């Protein structure tokens, strides 16, 4: 069978289901593929296939994730669903599956539960920008007042973590009903169609990497006689054009220079674009004035910082992480983009130690500044071995 060509004519949006165990995330995921396959002709995926999600490795961390795709009238959605709570924690912290928006599934019969809260908090910490709510199992609730109560609780919870609780769309329905092709009182297929329409209208189209301001992490520095200094790396976002002014940020005081050439596979180009590996020739910059671990960026778009609040997942012993807990004052290396920088960890009030397999919020102080912004991912290493993964939740200074 010939492979289908991937059609790129619709905007691509990444979403995922979050919420407490057994509230119906996987059932809703399967129902979404069923309803969209009937309405918009995308492929249907069965519950069992999603539920037995394959193991993946992201940065040495084992995560079980199911990936499904479905189409609406105007968009193509890539959707992630994780079987276990630990998988969500790892997934969100490592950014293995970055979400442009999340579907919070909450059982109308049970209301918000501990993981409902934790997933909302994680979404805030790792920078999931939008949440849409699906109040599931509504066919099991006869009392309209109870539904209203649960809806209020969910809105309060969202507001607690700085999401717009009052304005968040909440769809009431039954994923199981929709999965079985039923639709009593519009709670089945109608509710799921409404959910898809809400995703279309409430989650804005993400800005593509190429439309963001230029940034390239420096991997290597060369000196070419008669030409000057060339730095190489993969352009993370944006475009760099010849004769544009750029900044060198991180590790040392920020300096300005001009890009006098872009090279790729020994060919000279006028520009380097997001996703490309290229060499950038820097005017008047000496070989020893720039190093791996710094970034080239559009002037004024990114600043160097040393202190930040982070959400961290500590690898378990089975994942090749530490065998013992660590305590406050722990000083590992933090690997940002292309380099390690030593830093010290301050644990939250009342947390004495962190065990392998835990996730924890911490404040990190680095010994050298790194070009960073909220949402930047990093690894925690000890002598080159990865022992944790984290994300910058909030820059302190």
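Backbone N, Cα and C atoms are what each Cβ position is placed from, and that goes for glycine too.
The following features are taken from Swiss-Prot:
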type	residues	note
BINDING	19-26, 81-85, 136-139	GTP binding site
BINDING	26	Mg(2+) binding site
DOMAIN	10-207	domain 'tr-type G'
REGION	19-26	region 'G1'
REGION	60-64	region 'G2'
REGION	81-84	region 'G3'
REGION	136-139	region 'G4'
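Where Swiss-Prot records a feature, it is marked here on the structure.
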residue: 19; record: GTP binding site; DSSP (3 states): coil
residue: 25; record: GTP binding site; DSSP (3 states): helix
residue: 82; record: GTP binding site; DSSP (3 states): coil
residue: 138; record: GTP binding site; DSSP (3 states): helix
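For the residue listed as 'Mg(2+) binding site', other Cβ atoms within 10 Å of its Cβ number 23.
Distance between Cα atoms for residue 138 (GTP binding site) and the residue listed as 'Mg(2+) binding site': 16 Å, as a whole number.
Panel annotation: around the region 'G4' (136-139), residues 23-24, 27-28, 105-109, 147, 172-177, 184, 187, 191 of the same chain, lying at least six beyond its termini, place a Cβ under 8 Å from a Cβ of the stretch. Sequence-distant contacts of the region 'G3' (81-84) (same chain, six or more residues past either end, CB-CB distance under 8 Å): 16-17, 21, 25-26, 29, 50-53, 63-66, 68, 91. Summary: among the binding-site residues (25, 85), the fewest other C-beta atoms within 10 A of the C-beta are counted at 85. Confidence annotation: the region 'G1' (19-26) carries a mean pLDDT of 95 in the model. Sequence-distant contacts of residue 22 (GTP binding site), defined by Cβ-Cβ distance under 8 angstroms and a gap of at least six in the same chain, are 107. If you compare Cα positions, residue 26 (Mg(2+) binding site) sits closest to 82 out of the binding-site residues 19, 82, 85.
There are 26 other Cβ atoms within 10 Å of the Cβ belonging to residue 19 (GTP binding site).
Taking the Cβ of residue 82 (GTP binding site) as reference, residues of its chain lying under 8 Å away and at least six apart in sequence are, in sequence order, 16, 53, 63, 64, 65, 66, 88, 91. Its own atom aside, the Cβ of residue 138 (GTP binding site) has 23 Cβ atoms within 10 angstroms in the protein chains shown.
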